[in-house]
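The domain 'Cytochrome c-type biogenesis protein H TPR' feature in TrEMBL is assigned to 136-261, 315-450. Residues annotated as region 'Disordered' in TrEMBL: 283-308. Residues or ranges marked as repeat 'TPR' by TrEMBL: 342-375. Under the heading transmembrane segment, TrEMBL lists 90-110.
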Amino acid sequence: MILPFLLALLAFVALLPLLVPLLRGARPVPARANFDQAVYRDQLQELDRDIARGLLTETDAETARLEIQRRLLAAEQTPAPPARLARSPLLAVAVFLVVGLGSVGLYLWLGSPEVPDVPYASRPASEVAGGDEAGMQKAVAELAAKLKQNPSDPQGWLLYGRSLGMLNQWDKAEDAYRHAIDLGANSPEVLADHAEMMVMAASGTVTPAAEAAFNQILKVDPGNGMARFYLALARAQAGEPRKAIDGWQALLAEMPSDSPARQTVAQQIAQAAKAAGIPMPELAKGTAEPTPDQVAPNQPAPGPGAKAMADAARMSPEQREAMIRGMVGKLAAQQEADPTNLEGWLRLGKAYAVLHEPDKAADAYDKAAALKPDDDAIPLQAARALLAELRPPARIPPRVVGWLKQVEAHDPKQPVALWYLGLAAAQDSRPDDARRYWQALHAQLPADGEDAKMVQTALDALPAH
């Protein structure tokens, strides 16, 4: 007898939000547009504050400012909401009878109140977790589709690269940034973001290629914070903790007092000092010293530990290569045990390419491509990895040509594929094919850019028809 009474009481409480407005009438509420306008104006002010703090450049902020201003204008043109309903006691009674009593009756008839609930830990993950990542994945897929239709959009590639980075898909993000740079988006900020993706794709290790990229950035922009941070990290990973700490200290001294990155730099200094067994240096004024748990031994620094890198620095080239081969061998064994690990095959392919073992690298990339055959980024990444290790006048390997043709079949305007397929055709004494590829590439490049000049030089060097 108690259960029906409790259900009726719960139904009445649940219906109160519906019944009260019907009984007393709705009060006027401010238009949604007023709220939206306030939010957009605050976002514009926040952009200005980020520029003042040095978190954004004026160039980076311009696109966001235009979009916010467009939304603000749209909000100002939004019509006022329609008139609200007047009070209606009869409608309130009808709602109570139909919804309240009807739901109680249906539950008693169809429901099973005596059955216990499903344990929370046993429910499907889709019920427990939110769908934020799924939404991000969908947005990235839409971006990829747009770039297939317009592959010569550097801003699109930048947005794609940043989005992939947010999803921790470092290899693909690096490739997207490289596309943007090839299309002329070569500001120091973009170059630094690309180099950072190279570091993340290497599991946090500042590779020689990334270090060279950061050094090149400092020639153009000596104050670039990201380049300085990672170059100091490179010193720590090379077994030179004092040089790393000096670099981070100099960066810390120049950072704005309210920069959220100050604590990250301070933690790196503390970790380097702890790993090297040297006293914690005095930090720049206004920087809180990291707590012990922030520099605990079980909190790994990005990439190999300082001790491991210091040991490697003392090795002979032969010993160092043997150590690297041992690490790659472990990764290969892990992949054999878990052959469905896509990212593992991509890392293994890159590692074999660096070790100048192109056949093993190609095999690893082929296994990655087999796991995701519709992903054009994988054959393109495979081609880039092997091409990066070629030294002129070496010929482009047939497997690389095959990968590039796969890319061309899905994206006939892909710049990297057009360039190297043209080069392969020229090496095979097929000047007409080379001319066709390079003319298609030249047509989509900025006319006054260095890339267009390079392609034109290659075209001029081909034999006449």
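Placed from the backbone N, Cα and C atoms, the Cβ positions cover glycine too.
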Practice task
Summarise the model confidence on the repeat 'TPR' (342-375) as a single mean pLDDT, whole number.
Solution key: 84
Practice task
Could you tell me how many residues in the repeat 'TPR' (342-375) are helical, how many are strand and how many are coil under DSSP?
Solution key: 27 helix, 0 strand, 7 coil
Fill in the blank from the handout: Using DSSP three-state counts, the residues of the domain 'Cytochrome c-type biogenesis protein H TPR' (315-450) come to 100 helix, 0 strand, 36 coil
Fill in the blank from the handout: Summed over the domain 'Cytochrome c-type biogenesis protein H TPR' (136-261), the DSSP helix, strand and coil counts are 94 helix, 0 strand, 32 coil
